[in-house]
Amino acid sequence: MSTVNAKGAKPATDANGQSLNPEEPSEALREEYAQLSDRVREARAAYYVHDQPVISDAEYDQLYRSLEEFEALHPELKANDSPTQEVGGEVGAAFSPVKHLEKMYSLEDVFSTDELVAWLERAQKQVAELPGAPEVAWLSEVKIDGLAVNLLYRDGVLVRAATRGDGTTGEDITHNVATIKTIPQRLSGENLPEEVEVRGEVFISSKDFRTLNEAMVEEGRAPFANPRNAAAGSLRQKDPQVTARRPLSMFVHGIGYVRGVDLETQSEAYEILRGWGLPVSPYSRVLSTVAEVLEFIAEFGDKRHALLHEIDGIVVKVDDRRTQFRLGYTSRVPRWAVAYKYPPEEVNTTLVDILVNVGRTGRVTPFGLMDPVRVAGSTVEMATLHNQDMVRAKGVLIGDTVVLRKAGDVIPEIVGPVVALRDGSEREFVMPAECPSCGTPLRPAKEGDVDIRCPNAETCPSQLKERVNHAAGRGAFDIEALGEEAARALTQPVPLDAPDGTELSVPPLRNEAGLFDLTPEDLRDVMVWRDARRTVTDEETGEKVQRVTPELVPYFWTKPTKARPSVPSKTTEQMFAQLEQAKDTELWRVLVALSIRHVGPTAARSLATSLRSMDAIRQADPETLAGTDGVGPVIAQAVQEFFAEPWRRRVVEQWAAAGVRMEEEVDESTPRTLEGVTVVVTGSLEGYSRDSAKEAILKRGGKASGSVSKKTHFLVAGDNAGTKLDKAESLGVPVLDEAGFEQLLAQGPEAFGDRADAADQPAAGE
């Protein structure tokens, strides 16, 4: 899909040149829009909530722009809860939610100097139209690639710290932030405000990141992919002592809510923040002209890797705070600030080989193995090639010199070959005919699919490893001690030779059904290869030198010594304790852990809340499943296909037999006032975020729908309600304000008498 430029969207056509903008959108168009929205939401959640990006920044930017273009072409489909109207990600389940006193917005991104100049000139024009506004001065600063954090000080004392979350509600990380040495627990200086929110970015410096990763490797643990992931993962640790051991820093770059002090400009605010003892970035400057802003961007683009920390762009803000206030905000971004993103960096390297990886759903993905090369601040030696068609489209051969781009400073991408450097030794990549993990013939899931899959979902070791790793993930059973390496050891142990010459290669897990039946004794003989450092004598020089050699060691048990026998390691003990705790987890997490295709946390929550037990979900007909809020026919079909397979049913049955809870717990403390009642919430409410309003409805037995129809019983309308309010009024759906919503939650529809009865009557003309 083509991107939108500053002048507007291009008209969309299909492959035959037919218009994709009919007066009434088709069902296929609605489905396409829903899928595109879901892809953006999933990518955003992976980045902001789980700190595990699934696509590159550049891919996300393209995906996001495609959604913006779609909505520009089809405004009648645009939903109030579209990702284009939201800030950041959802609030994770691991920490308590806290509401910001003032909303934390995202920034509008531009990706070229032409786009930036257009934005600056447009902003200058808007300021010039404001009576009495001063000449525009631009505060320009580097955009730190870290995690946005909001600090709340009352009477100079730090009382709370939170992530940005969805912009309105974040995660309470106060105890973890308290371990960061550069953040003062108490402000210093004079004229301290009664209450102030200080916004900033938590990061790990480039030097500290290298040291941290060296230590991780030394301990036999996987290194972090980049400083941003390291910072975000460190800050979201459940144990603050772990956070305290990580080299986290912070620079503050703004103020949210403030009471008790007046600030005229952003640059003055920075000086005051510095005077209070807060860390302020040294990389900022107040500039007078657009030309100076462009020079600033070029300057820091040249020295970006020589800075204290990684950056992914430059932020430009109107310096005058009163002008900021008068320009205001959209629903997602301020009109007085913009983020310029540096172009992705490119280098040349050799494509040594193309291998394939088998994922959780059986998808076989080729990836390039390259000579290690440094790009965008990190060393890269692998990059995905997505599928065989993509390999052909890029025109790369094994042995080529290729252009490698670190797209968006996160995920590396092979752009294409440098054909002029070919010497005839290069060879084509051929997709294997059989699964490299289990030997099963590969095939598309259905005719016309680009992706090739291994159909042996039940016993393919690679798929099983990925499913076990997924089941243990933060969004499922949340078993921290069972990571990717442990999942591999459980499903793909190193084969051992028995005395009779046969191989002992039976894994502890043949499929995930036995996950909760494992015992420490089952894992005694599981071995893995580890690098061991040994001091040896160099044969040529006779000197003592350090050598690294592979060594076969137990993974789940300690290595035996003369003085001490082998016993389960502390991590193994933690894993079994966490497995036991996971048996009592919420039903929606169990659904996510099952790796049902298309069923992520959102759909799983809806199914669990609506149907309340695994048996009910398993026995539900397609119409019931599809009618569940946030599910639809595609997910409904995937759920039915899952339970149609006997081995998948055995997984559920064996987990249940092991004690995993398969029913939704009923909260007796909350009255079920909304049983059978469908409520739509639109616009902004003072006392509720979108998620908390939905949760309040679901907890009382109601259905929280995203769209208004003749089946809607009540519409709750806040500020900026939009088209849903118009539709509700045309259908005769009762409309409530926030006070009415709270009355509905407390007393149910009976509190509204005739208005509630009217909602069940068909609208005129039906």
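Quick reminder: no glycine exception, Cβ is built from N, Cα and C everywhere.
Swiss-Prot assigns the feature region 'Disordered' to one of the listed ranges (1-30, 541-570), namely 1-30. Residues 747-766 are the range that Swiss-Prot records as region 'Disordered', among 67-86, 227-246, 667-686, 747-766. Considering only the binding-site residues D61, L107, R164, the residue whose Cα is spatially closest to the Cα of C435 (Zn(2+) binding site) is D61. In this structure, the C-alpha atom of C438 (Zn(2+) binding site) lies 47 angstrom from that of L107 (NAD(+) binding site). For K143 (active site, N6-AMP-lysine intermediate), the nearest neighbour among the binding-site residues D61, L107, C460, judged by Cα separation, is L107. Those same-chain residues not listed among C435, C438, C454, C460 yet with C-beta within 8 angstroms of the centroid of the Zn(2+) site C-beta atoms are V358, G362, P436, S437, G439, T440, L442, P455, N456, P461, S462, Q463. In space, D61 is the closest of the binding-site residues D61, L107, R164, K317 to C454 (Zn(2+) binding site), judged by Cα positions.
Comparing L107 (NAD(+) binding site) with C460 (Zn(2+) binding site), their Cα atoms are 44 Å apart once rounded. Residue pair D61 (NAD(+) binding site) / C460 (Zn(2+) binding site) shows a Cα separation of 35 Å. Summary: among the recorded positions (K143, K317), the fewest other C-beta atoms within 10 A of the C-beta are counted at K143.
A Cα-Cα distance of 40 Å separates C460 (Zn(2+) binding site) from R164 (NAD(+) binding site). Sorting the domain 'BRCT' (669-758) by DSSP state (H, G, I as helix; E, B as strand; all else coil) yields 38 helix, 16 strand, 36 coil.
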